[in-house]
């Protein structure tokens, strides 16, 4: 490798352009005389194929690149083909100097294009020097195939690379960075083809792991469809660590030129299409003008005869139809044609302007379709339209005068017909035959109003007849219908007059009969309503559910019922009088065969209702008698239960109250030994228990009272609930008092308090228990402590209160007071004493063993200690050591155990 670098350093073949700098970028060109074998193979194949792609245009080709260019003839031919210029006439001799002369002509031509050739001489080419021949061909490729490639002012190589990068940017797995490694997988070549000719290759089916297949596919498509010969072997590209850059650039430049030519062709086609589009648009505008002009002229031709028609119509409706058609023409048909005419002129001027701008000859419409021709036809249309409108208005005004009179007839006739509609049917009705007096009187008033209305319409009927006569005289076109209508109105008017008189007579006759019936109905209503109310009230009273709680109340109800029964004969006489009135009404209706109902308009009470309710009253009277007697018997039984319960309750209630007072007094006043007090309280308790049978008997009587639904008892102030509460309170009080004495005995024995001390404590507590309820408030307790010699500050008193009143109730019980005083005056055991005792059992060790506990303590206490003592973990600990210190502290609440 070092020797190769040295050769490259000592032997350099340089070539550059005087004015272009792209040649200075080809520093990768090997300066040594020997090429890398792989690169040489690739360059031979690529350069040979490139040369043949141009020589075939001249009908020839080369087989061996260093041999076929030795005489200079094909070299000169190659330059002529790729440049399009003629070179000097070659020498046809076969001598060496002839060949050198021809090669020099080619080299001179290359130099004339601005390429400076250094160390490349004709002799080396004639001698078949591979290195020099390939270098010369590469120089030609650079000058004629790559030099003209420029993208955004880049050099030839950079421009070609940038073109490749832009074209392949959207494709996956393609990243073109150079002209060697970036092309090894073949996807770059396939992407270039697909970008410009997506119809030739399906890029989505390509596999990056098949580089040889990708390269061969791209080369085959390029050779078959793009006229780019196969210049490389896929195996050489894939298997070479770094493919030859010149070979790749040469092959890729062919794609650039192939697709650049296609883009130029596309530009040319677009230019042609643009010109053709302008021409087609002009032709479309011409055709549209011809079509619009023809349609507009045809419409004018059809419309003018319609406007020139002056045939008059006989009716106003027909003339109004013509006027409406004309207005419809002016409103709907003409405005679009005005727009078409304006648009036609605009299109004509626009078309002429476009033709003038695009250097086309002016447009000449068909004969008769010039803008001036259309304007003339339009003027004739306007003239015909003006005369037609004047004629229409004059004719309409003439018909209006005649139609006004006919319309006046129709309006008056319609008004009269609407008024008269249904009047004959109303007058023929016999609704009064089944109407009430009020309804008949209303019918009479309504009939009087109708007669007034009938008289008022007399003038209208006369006017209708006069107008009909005038229309006949003026020879109105529809006079026959007018006469027929007028005759019907006059005939109907005569009929209405006759029917009106007959209805008045029938209404007045019916009114007199109904007035008689109405007086009877009114009298019935005045007497039936109070009597009906009396029966309803009686039924309510007889069926009323009475609730009484005493004998006096039921006796009062019985007396009221007897008074009610005494009024029944008088009520029956009133009932018969009311029924006779209704019988008189029915007699009148039957006598005159009237179709009215016998129902009374002044009363909702019917005869049948009176009969039914009277029978109901007669049934309820004996039922009420029976109910009242049964209730009287029940009240006598309830009174016996009240007296029986009251007799017992009035004894038990005071007895309980007396016992409560005795217990309360004894708890305060008892003196002497606590055991004597206990015996005395036990005797009290036994006496109370022995009294229980009296409570049970009272409960039985109370049960009977509840079953009888007796809720009050005027014979006693004690209820069963009072007795129960008092009895339970008595039992609770005696039990609590006994418990207090028992607690005092335990406290005395446990704390070593003497009976004298206990008596002093009781005396002090009773003295400061000002309300005598067994409780001292804060102030009383503080005064008690001060009286016993305690000098208390606020903090100390608060501490003591937290001991005697831990729940914050605000009071101190006697037991709490005893507990506090015993703590203050008696010896107490402490955690330190217990710890010292355990230390003795443990032989002064800080821990104790289970065996030692079982040996020194009873089995039950020993097991209790073993189960609850924690393991000892302090200094000198042994297996099974138990911590008696923590255990003892926990017994007195001084530990967290």
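Quick reminder: no glycine exception, Cβ is built from N, Cα and C everywhere.
The region 'Actin-binding' annotation in Swiss-Prot covers 1-257.
For 41-145, the entry in Swiss-Prot reads domain 'Calponin-homology (CH) 1'.
Per Swiss-Prot, the feature domain 'Calponin-homology (CH) 2' maps to 154-260; the stated evidence is sequence analysis. Model confidence over the domain 'Calponin-homology (CH) 2' (154-260) is summarised by a mean pLDDT of 87.
Per Swiss-Prot, the feature repeat 'Spectrin 1' maps to 284-394.
The repeat 'Spectrin 2' annotation in Swiss-Prot covers 404-509.
What Swiss-Prot lists as repeat 'Spectrin 3' is 519-630.
Taken from Swiss-Prot, the feature repeat 'Spectrin 4' covers 640-743.
Residues of the domain 'EF-hand 1' (756-791) grouped by DSSP class, helix first, strand second and coil last, total 23 helix, 3 strand, 10 coil. Look at Swiss-Prot and you will find 756-791 tagged as domain 'EF-hand 1', backed by sequence analysis.
Other Cβ atoms within 10 Å of the Cβ of residue 780 (Ca(2+) 1 binding site), summed over all protein chains shown, number 18. The annotation Ca(2+) 1 binding site is assigned in Swiss-Prot to 769, 773, 780 on the grounds of a curator's inference.
Annotation comment: Swiss-Prot describes 792-827 as domain 'EF-hand 2', evidence class sequence analysis.
Its own atom aside, the Cβ of residue 807 (Ca(2+) 2 binding site) has 6 Cβ atoms within 10 angstroms in the protein chains shown. Look at Swiss-Prot and you will find 805, 807, 811 tagged as Ca(2+) 2 binding site.
In this structure, the binding-site residues under consideration are 773, 811, and the one with the smallest number of other Cβ atoms within 10 Å of its Cβ is 773. Long-range neighbours of the domain 'EF-hand 1' (756-791) within the same chain, counting only residues 6 or more positions beyond its ends whose Cβ lies under 8 Å from a Cβ of the stretch, are 664, 667-668, 671, 674, 744, 748, 797, 800-801, 804, 810-814, 817-818, 821, 825. Here the domain 'Calponin-homology (CH) 2' (154-260) touches the domain 'Calponin-homology (CH) 1' (41-145). Their Cβ atoms form 3 or more pairs under 8 Å, with each pair 6 or more residues apart. Within 10 Å of the C-beta of residue 769 (Ca(2+) 1 binding site) we count 19 further C-beta atoms, all protein chains included. All protein chains shown were included, and the count of other CB atoms within 10 Å of the CB of residue 805 (Ca(2+) 2 binding site) stands at 18. Here the Cα atom of residue 769 (Ca(2+) 1 binding site) is found 11 Å from that of residue 811 (Ca(2+) 2 binding site). The closest partner of residue 780 (Ca(2+) 1 binding site) among the binding-site residues, by CA position, is 811; the full candidate set was 805, 807, 811.
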